[in-house]
C-alpha cells in the first residue's frame, strides 16, 4: 500500500507495484488528430508529405534535398501496381547527388537503392522506405536531440 | 525745357541692339544664365568622369590586392574548415590585417552598388575574379539574403533546416560570431567528458543513447555552401558566415550591418543570438590573475581549455549549483578518481539543483554528486577572490576559505540583446531577452528563437527557456513561421540532465522548486538508472521485496512512520509541479521514454484531484 508524507509544501508518495496495478482513473482530454497547432507526423491530414518532420532528419533540407523530395513525392503519389516503379529516374538522380556528398550520405545506400528499385514497394506507406534509409544514412537523419527519435510525433 | 532734360536722358551703356532698354537686360540675363548652366554641366561631367576613373582604379587595386592575399593565405576559408575551431582560430589573428586596409575602400563599392537602388549583387561580385579561396574582402559576400539568421547555434540551425524543408530552393544565410559551424552544446558538459577516446578534444565525437557515435556538429562542412555561392545556387542552400558579428540592425530598411561594415539586407530575419555566460562581480573586480584562471563555460573552446586545465591543475572549483555547474562537477569528479584532481563545487543554495528540485530531492542529489568525488560546499556566498602564492583564494561570507587553482563560473546566462537598441526591439524586464509573441515574432519579418527569446506560451504564460530542446523546438517553429505558417508555440519542449550514472531525469514545463510539488516514487532497482537504461543490464531486482516490507510496516500505523532508511529512497518516480492546482511541470526521475505522457498532461492543463492516479499513467515500476 502506498504511504505519503508532507515536507512543507512538498508531498511525497511511495507506491508499490500493486498500488499502481489498478487502471488509472485520471481523465485525459481526447486529442484532435487534425489540430493544426500540433506537431505533425510524416503525412499531413491533407495527405501531403510533411517535409519538416523530424523523422526525415536533414534529408529534405540538405544539398540533395530537392532530389530527395522529388523521388519521395513520386513514390508517395504513385498509383502503379508496383508502387514507385515509374520513379526510377528520380531515385537515380537522388542517388547520384548523394554520391557527391559521401560524408553526408554514407555509401551503404547501394544495397538500399537496389532493393527499392527492384521491388519499388519498400512498404505500403512511406515510413518503411524511410526506416531503411534511416538506418543506412547515419548522419543525415541525425536527431538533434538524443530522444528525438523516441518521441512519436 | 527739352534742352535741360536731354543731358540727363543720355543712356550710360547701350549694349543691346533691341528696340527697348528692357530687352537689353533680358539678353544679359539670358547670357549669364546660359554661361552658368554650361559651366555647371561641364563641371559635373568632369567630376563624375573623375569619380568613375577613381572607382575603376580602386576596384582594380582591390582585386589585385585580393590576388596577393589569396596567394599569401591559400586556406582562408573561414567557414569551410571541418574543425574550424582549431584552424580558424589561428587564422583569425592574421585575418584582421588584410581586412583593415581594404575596409575604407570596401565601404564605397557596396555603397555605390546600393545607391542606384538596384539590389543586384552581381555587378560588384562579377567585377571581382571569382576567388573561391580568398575571404577578407566583403564585396564577394551576398548583399542580400532572403532568409538571414543572426547567430549560429542550435535554434538557428533548426530554423535553417525548417526553412529549407518548407521553402524549396530557399537561400539561407547564417551569420555567427563564433568560428565554428553550428553544433550542439549538451555534450560539452556531459558525453564528451565520458569518452574513452583520448583525441576527443579534436574529434568532438561522442556516443549517443543508441550506441551510435556522432559529432557535436549538426552537419559536416559539406552540408553547407559558401556564402558567395548562395545567390547563384540553383537549389539554394544554407551558408554560414563565421567570425562575423552583426552590430547594427535597420528594421525600416530591412538590413543589418556587420562588424566589418558589410551591409546585408534581408526579406525575413531570425535573431538567435543566445547569450553570454554571467560572471560573478567579485571575480570581475579581482584582477587579471584571477580572470586568467577563470572559465566561463559555454563554447567548444571552453571545453578544450577546461579539459586541459583538468589534466594540469590540482584543484578546480565550480561556482554554481544548477544544471551546468552540477554536470561539470560530476564530469570532473569522475576524472578526479583517476587522477590527483580535487573538484570542489560551491553555491548559495542548500543542495544541488536547489532552484529546480524540491528540497528532499535536492538533498538526495547532492549526496550523489558527492559520491562522484566532488567536495560540495552548500550555502556558500563568495565574498572575495584573490590570487596569492600561485593559488586562488576564495573567501566566503561566513568566513570559510577555499584555495584552488582554477575557477569555473556557472552562474547563469545573460541573454544577448545587443541589437535591441539599433533595431528598436522590446526587451523583457522580467525574464530578459527579446520580447516576442506566441508565434515568436518581434516585428514584421523579424523572429527570435532560442535562449534569447522571451515568448508567450499559450499554456504556461510568458517565459524564457534556456534548454537545448527548446532551441530546437523554437528554432523549428520560427523557421515554419518565417515560411508562412503562423503557428504558436504549442509543442512543449523538454530538458534532461544526468548527474553521474545513478541520477538522471527528464523534465518538461515549469520546474521551479518554489512551487508546491507532489512526488510519486517507487523503489529503484539497479535497472533504473540512466546507465542501465542505455546498457539494458539485467542485474538483480534487489529492492523489490524491500519495497513491500517497508510498505506493510507503514500500513500498520495510522500516522505516517518514516520508512526504513534506504539509500535508494528516491530511486525513481514522477514529480508534479503545481500552480493553482494545475500541473505546469513534470520531472521524470530515473524514468525514461515517457515524455509524451508528460507532455499530454501539461497540454491538457486540467485540475486532477488525485495525482497518484495521474502517476499511474507512467508505469514507473516498469522499465
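Glycine is treated like the rest: Cβ placed from N, Cα and C.
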Transmembrane segment range according to TrEMBL, out of B:29-48, B:49-68: B:29-48
Residues flagged as region 'Disordered' in TrEMBL, choosing from B:483-505, B:506-528, B:529-551, B:552-574: B:529-551
Mean predicted confidence [pLDDT] for the domain 'FAD/NAD(P)-binding' (B:148-474): 95
